[in-house]
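What TrEMBL annotates here:
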type: TRANSMEM; residues: 31-50; note: transmembrane segment
type: TRANSMEM; residues: 121-142; note: transmembrane segment
type: TRANSMEM; residues: 176-193; note: transmembrane segment
type: TRANSMEM; residues: 205-223; note: transmembrane segment
type: TRANSMEM; residues: 244-267; note: transmembrane segment
type: DOMAIN; residues: 296-359; note: domain 'MIR'
type: DOMAIN; residues: 370-427; note: domain 'MIR'
type: DOMAIN; residues: 432-491; note: domain 'MIR'
type: TRANSMEM; residues: 575-597; note: transmembrane segment
type: TRANSMEM; residues: 609-627; note: transmembrane segment
type: TRANSMEM; residues: 639-659; note: transmembrane segment
type: TRANSMEM; residues: 680-699; note: transmembrane segment
Amino acid sequence: CGDREVRRCSTDSLLFGQTFDGMLGFLKNPVVVTAEINVNLVALTVMGLISRLWGLSYPRAVVFDEVYYGQFVSLYMKRIFFVDDSGPPFGHMLLALGGYLGGFDGNFLWNRIGAEYSMNVPVWSLRLLPALAGALCIPLAYQILVELQFSHCAALGGALLILLENSLITQSRFMLLESILIFFILLAVLSYLKFYNLQRHRVKYMGLFTYMLLLAIAGLHFWHMLGNQNLSNVSLLCHFLARGLALIIIPVAMYLSFFYVHLTLLYRSGPHDQIMTSAFQASLEGGLARITQGQPLEVAYGSQITLRNVLGKPMQCWLHSHTNTYPIRYENGRGSSHQQQVTCYPFKDVNNWWIVKDPGMQQLVVSNPPRPVRHGHIVQLVHGITTRYLNTHDVAAPLSPHSQEVSCYIDYNVSMPAQNLWRVEIVNRETDTDVWKTILSEVRFVHVNTSAVLKLSGASLPEWGYRQLEVVGEKLSKGYHQSMVWNVEEHRYGKSQEQKEREVELHSPTQMDISKNLSFMAKFTELQWKILTLKNEDTEHKYSSSALDWITMDTNIAYWLHPTSGAQIHLLGNVLTWASANVAAVIYVCLSLWYLVRRRRKIYDIPEDAWQLWVSAGEICVGGWAVNYLPFFLMEKTLFLYHYLPALTFQILLIPIVLQHLSDYLCRSLLSKTMFRALIVAWFSSVYLVYCTFSPVTYGEPSLSVAELKDLRWKDSWNILIRKQ
């Protein structure tokens, strides 16, 4: 037994020694880390950075749409709320980030293209992120073509075409959003391709349109997987969940996070408040919040209120009345009730105040404790200054003869009795016993006698109505519309029974301590809806164009002109690249149709893997071009050449795809391949020559003479600026 213990101890010692030597063995040799570096990728990135960042602060003046986006950057710096209908706020936040990193205080008057920037404006920093995005589009293009299984030579050619595209250079060197949009579109495409290739090897609101394209492609790929009998049900479920997470859950979460940051940063009242609801305005610091802060939350009998129409179109306005009456007869000969006018007035005014009265009681003050008004309760609305009751009856409205006139009742001792009872219906109620709340509740007033709903028609009254907006009684049978919905904006509990004292009370501000903060989701939903539905007035612009003009670049945009010399910057593309992209698209479509017809006849001109590669490239490049271009034919907005750049990027990527396909499958002999490659070299040299020719108006320097500028006018439709001598 003792010998056994000795042997065991010896064995343990030996094992310990071997383990210890193993643990320290790594110290006997140096630690080596190996990494693969794609020299093509590094070189393309460096060249992209040089082409986009060189002389970035020049010109130190407002360039074209910098006058537009700069205003939003200033508002971000000052934390002032704004609404821009061009899309989600992420791009604006990136521009603002550049201003923040440069120490911009937001103090600059963005009122004129060409205005010199003051010293407090960090021009280089403001233009940095769009330039970086534009530069990184070049290696992204390279990687997309590699992930599509095309050669590194083709990928390099496609990336160089993006590098030498004058329009993309110009658009990325200023405080504009298109380069950022293109960067994230390409990043999304590359991310999905890497995800798809990874799983394939292991198992087998303009960015919105590209996102929809990726969803469609992902759906198509999954549909093919369903037919793969080698995949188990569990494996298919995992594929489905992975796509749902990557293409739906994560994008939605990121989208919401952009708005969360946006709304967190912009907490102060600003110039765009008026298009938002009262509840939204009251959630901002300053502005309406200074008026409504601390108002009573629950509307009670005896409450003094102002009623704002929720629609906000054609402008925000409040239910209003004044001592003037409707004309006895209108211009068209129709008669009226000659009652006191009721309108919707677009300005704050003491005549906007109304008192909520209990029909069964005479008092116009709030009792103690207050008796709240609930959904379904019957009320009378008494005009605060004139003490007349809101009324409607079977008399045609002045401008909307199919609707009822709304008035404040005057007793003329004629056979026209008062009809002034209204039922309160809370549209956004949670239960049928909800209390009518200040700002938060959206209500309809349904006339008890006629079932008509108090509605803003939106028509402007004639001079006798002071051009104020018409209010009518609309039959419920005609359907629901936001113009029928109102909310209490200003609110106080009435305390004065005497009219003289009440008038003084109506002129005084409200002061009580109750908060009415909106949740993030409520603010997000409202802001998103405004972005989608807000329509700015479309105005003709000197450089606006139609979508048909873009394909052949029959238009250009003058971005900047030096105040004294001939130096200028234009949005002009590389003419040869644009033409080549169009030719490549035509060749792709024609070849695809030819292959499809031949395959239908059981004739296979190219191998199956080459056909699948060809189809995949079309899904990305032709599909990307289509979804980023064709929707513009349906849009009612002022269009510019830069709107075409995302579509153009996909079309450029198609060029090396078509060239490689022609070289691999149509050039059969060695001689034909050699000649074809020589033609490609000559063509690419011409692309570079065109890039160099237009680089003075891409970068704005050197200054060109009148003769040189005239030589750049390759098309009569181009507007090259030439100073008069």
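The backbone N, Cα and C atoms fix where each Cβ goes, glycine too.
Sorting the domain 'MIR' (370-427) by DSSP state (H, G, I as helix; E, B as strand; all else coil) yields 0 helix, 26 strand, 32 coil. For the transmembrane segment (680-699), the partner stretch with the most Cβ pairs below 8 Å, chosen from 121-142, 176-193, 244-267, 575-597, 639-659, is 575-597. Within the same chain, the transmembrane segment (176-193) packs against the transmembrane segment (639-659): three or more Cβ pairs sit under 8 Å, each pair at least 6 residues apart. In terms of DSSP helix, strand and coil, the domain 'MIR' (432-491) has 9 helix, 29 strand, 22 coil.
In the domain 'MIR' (296-359), the DSSP tally of helix, strand and coil residues is 3 helix, 30 strand, 31 coil.
Same-chain residues lying 6 or more positions outside the transmembrane segment (31-50) and placing a CB less than 8 Å from one of its CB atoms are 132, 134-139, 142-143, 152, 155-156, 159-160, 163.
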